[in-house]
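Novice: TrEMBL feature annotations, pasted as is:
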REPEAT    9-41  repeat 'WD'
REPEAT    132-173  repeat 'WD'
COMPBIAS  325-335  compositional bias 'Acidic residues'
REGION    325-402  region 'Disordered'
REGION    813-1012  region 'Disordered'
COMPBIAS  817-827  compositional bias 'Acidic residues'
COMPBIAS  852-874  compositional bias 'Acidic residues'
COMPBIAS  890-905  compositional bias 'Basic and acidic residues'
COMPBIAS  915-936  compositional bias 'Polar residues'
COMPBIAS  966-978  compositional bias 'Polar residues'
DNA_BIND  1011-1079  DNA-binding region
DOMAIN    1011-1079  domain 'HMG box'
COMPBIAS  1059-1085  compositional bias 'Basic and acidic residues'
REGION    1059-1100  region 'Disordered'
Amino acid sequence: MPCERKPMRYGHSEGHTDVCFDDEGKCIVTCGSDGDVRIWESLDDDDPKSINVGEKVYSVALKNGKLVTAVSNNTVQIHTFPEGDPDGILTRFTTNANHVAFNASGSRVAAGSSDFLVKIVEVADSSQQKTLRGHDAPVLSVALDPSDEFLASSSCDGSVTVWSIESQTQVAQWKVLQKSSDVSNAKSLCRLAWQPRSGKLLAVPVDLTIQLYDKNTWTNVSTLSDELITQVFNVVVWSPCGKFLAAGTVGGNLLIWDVEAKLCIERQKHEKGFTVCGMAWHPSGGRIAYTDTEGCLGLLEDVSSASSTIQNTKATAVKETNDYDDLFDEDDDRMLDEGTTDSRSPVKKPIMDDDDDDDDLMPATGRPRNRGSFLDDDDNSQDPGSVKLDGLPEEDGSSAVLPAVGPAVSRPIYEGPMPSQPQRAFQPGSTPVHLMHRFMMWNSVGIVRGYNDDQDNAIDVEFHDTAIHHAMHLTNSLGHTMADLSQEAVLLACEGTDELASKIQCLHFSCWDTQKDWMVDLPKGEDVRALCLGQGWAAVATSTLMVRLFSIGGVQKEIFSLPGAVVCMAGHGEQLLVVYHRGTGFDGDQALGVQLLQLGRKRRQVIHGEPLPLSRKSYLAWMGFTGEGTPCCIDSEGVARMLNRTLGNTWAPVCNTRDTCKSKSDHCWVVGVHENPQQIRCIPCKGSRFPPTLPRPAVAVLPFNLPYCQTTTEKGQMEEQYWRSMLFHNHFGFLSSNDYEIDSEGQSQAEKEQQELLMKMFALSCKLEREFRCVELAELMTHSVVTLAIRYASRSRRMALAQRLSELALEKANQLQEEEQEEDDEPAYQRHTSREYRGSNKMSSRQAEVENGCEEEEEQEEYPQEEQMDAEESTETRKPCLNPFKKGGKSPERPSPKPVSREGRVNPFKVSGAEKSSSSPAGQPRTTNVLDSMTMASRKPATLSGTSKQGKAPVLKPLAPKPKSKTQATLLQMSASKASRKKQEDSQSGAEKIKPVPAATPPVSAENIENRKPKTGFQLWLEENRKSILTDNPDFEEMDIIKEGMGRFRILSAEERLNWTERAKGDSDPKKRKREDEAGQVDERMESDEGSAKKKKPLDASAKLSAFAFNKE
């Protein structure tokens, strides 16, 4: 005979309730949100005793005459029973306690709280407490093992944890629940229950199933479920004998299972379908009391008849089932039916220790027709025994029971990784769908809010920049749950129902005609799972593993299939990013793949389904593009990763948003990522993963920080800054290769900062005598900065290092020549990240040749004339110069009109394809090694000192752009001037105004170029003294003559060298002299400061380093 459900009766005001029996089962004790505990002698008791214990009561437990309650004033109180007299406060928390439970003997009470703590308190002496810390969210429920060895707890962090009470440590943890921010938002209360007496099994309600875990192995050994259940289980409770398990659902279903048989023997439904939030089994096993969230109390009577029937039926049928049982392993817990009568309940071996001796052999389920229908529909076999076996899982309604023979036996043997639950599809920038008020989309364009309550079902669209469009209020009659927003349109979608198809609706507000919106119905059985908008297109991923592309006006375009179920999509410009499940993850990990497609004129797939890296045991929380168009993802552990296009499309970790969170339960809800400026825009959420819609949350800005080692040291900090700058400025190359406008000023500033950091690291390595490391750093430098490094090494008297760097500089010059000569079809951002690709991509040979005449002569002059007066230095700064790495070329020609930066960048090392003869004029060697021209100079240490902006210290000028005309400037300014920063700035701004260069220069021979150039004092001196040098050293080659000449010239007094320089000036052309006169005021103004600065002594290595600081305009 099935059990009887008694009519519900009102017990407490609307809200959460809990229920328990006293030790003898004479009374039912309930508590509710009205703050009262009521003691009912029976369900028909019209005047129950009422004890007011506080404002709200969340949980009640009763044992040995002690009534324990979890009250809203953050305390766990104790009262006498049945008198109801206060007996003190057992323990306190910093916020509400959510659940209390006694141990088997009644000597201890366990309590779990919203402050993430679990406490175990001795009833006799409440000062004897143990606190268990480890949950990352409010605790939902607690349960003490009958042996008092373990405690189980469930939490809003999604975990069920088993603790050792003695050591206060975690012994097992399962991430099986859905995470939530608070108990009020939790999908289920997840009330846990240990099997009475033995405590062998722990029952855990997980979604639509009850999972049973074995205490010896902490593995899932069984699953109980029912096909009629459509809503999650909320509470479970064991029968006193430990053979049966009862559970209540959020939808008001009440079920009872025979645990060993895994058979559902009773199903009842709440009369109004309210959520069952409290259950208690009578000590005799005959009744079950339950309460709901509306404050009502109910009772199931005659539960024992159902349980005893199934037990005795099994006992009488043992002999008949032996022939079937022999077919299987004796450990098999699967039930076998012995007869052919459909009304007979399934039978099994007798269960030991059954203290119920009822001889009633009536059927247990009372649903024989269900069994018959399953048997009639089974066409797989005609054998009665196998028919019964096939029908049993359907009786249980459990999909997990069908393979019970295999998994139930093999699970204890298999100890490998367990598959993870795949994460569901989501829209980045949206909050969960089940919320009544939620963000459907928050991105860099605006905010889409959804409201679905009793008053209204609507969508509000708000734009950050109202110049794009005014705010919109849309009626959500179709029940849209997904949205995306761009500067052109709003895209909405809803899933289909039995009657209606899944729909896509687009409001194209930037459309120039009057029809602003369009709608598309998907084929029946196909639902939208994810959607996104790009520039002129929309994409929708569906449940049939397809992606459908549309134009922004509603034209259907390409369709392609995905290898797995979609997780999310994002669009930016012409780029489409799709993330999907590429397989099954294990041990809590997700196995996601990512595809990146270009939907422009040249359609191509950039990333071909490579695995998407996530943190261990995490899932994808946000996916999108930075404001500059670089793909970026953030996982549930807070780690942000960005695509590094220069390293084979790998993902580089750039930030951990959890570093800014004070508590484990705090999170950052990301709404946007930007590379320039470098920041993550997010909303800090305290104790939650997502923000509420009201009040409007404030957006915070987080910096990026790459996880490099030893970032507390100067070396580690500079390494992190350099590579972060490299990574976050890759988008310049990508954008320019795709014909986008780029910020040339920002690009040049970034290059300047990168080279400055390399030079600082180089100087630091020199100071630490790490010369090999210096060469490694120089390999990352641009060609011009290598020249600066050579000078630094020479002045630091590290000649071996300088020689190595000189060889490296020549290699870089040859490399530049080869890059210029060949047509490179590869996108700029895929080249080596030395940043020199702009030099080769953006310059013609004409630009480079104008520059080629400058560097070499400058190198020859710099070192012999280090201590000359300011007038000469000013001349050197302005005069045309020669490139030491030039191998020959044509005469200067018209510069290209396409500058790269504001002043225009050119490649100073471009070598033309038409080489001229290797012979050079006697007075002008053109193939000298960089080191050759500075060996003598390096013997005399440079006078370097600190760099103040007031101009009191000599400063090198390696990286300031030197304008040649309105559309032409060198990439780096390599001057040997000892002028101060202020002088440098003045001369640069002045040079920009007073150095007009004709737009076109008539082609002349290389000799004419030389004749036009003003000779330096050293060149003039060398021409007159060449014969005497050759007389002394008749075997000298050209380079040897120059070296010897530099040494002799350096020995001359300052006055003599100045005289030679003045003579050289006399030979200059009139235009040059005119420029020098105009710049003379600047030189005179700085002369006194310069003279005093030259007298300072050299400082230590760090001072030398500061002298190489870069002038930041």
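Yeah, the Cβs are placed from backbone N, Cα and C, and that goes for glycine too.
Automated prediction, rather than curation, is the source of TrEMBL annotations.
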Novice: Should anything in the same chain at least six residues away from the repeat 'WD' (9-41) have a Cβ under 8 Å from its Cβ atoms, list it; otherwise answer none.
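Specialist: Sequence-distant neighbours of the repeat 'WD' (9-41): 48-64, 67, 69, 71-72, 79, 81-82, 84, 277-284, 287, 289-299.
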Novice: Kindly state the mean pLDDT of the repeat 'WD' (9-41) in the predicted structure.
Specialist: 89
Novice: Sort out the residues at least 6 away from either end of the repeat 'WD' (132-173), same chain, that have Cβ-Cβ distances under 8 Å to it, and list them.
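Specialist: 98-105, 108, 110-120, 179-183, 185-186, 188-199, 202, 204, 213, 215, 218, 664-665, 687.
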Novice: Per DSSP, what is the residue count of the repeat 'WD' (132-173) in each of helix, strand and coil?
Specialist: 0 helix, 24 strand, 18 coil
Novice: Quick check on the repeat 'WD' (9-41): DSSP residue counts for helix, strand, coil, in that order please.
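Specialist: Counting residues per DSSP class in the repeat 'WD' (9-41), I get 0 helix, 16 strand, 17 coil.
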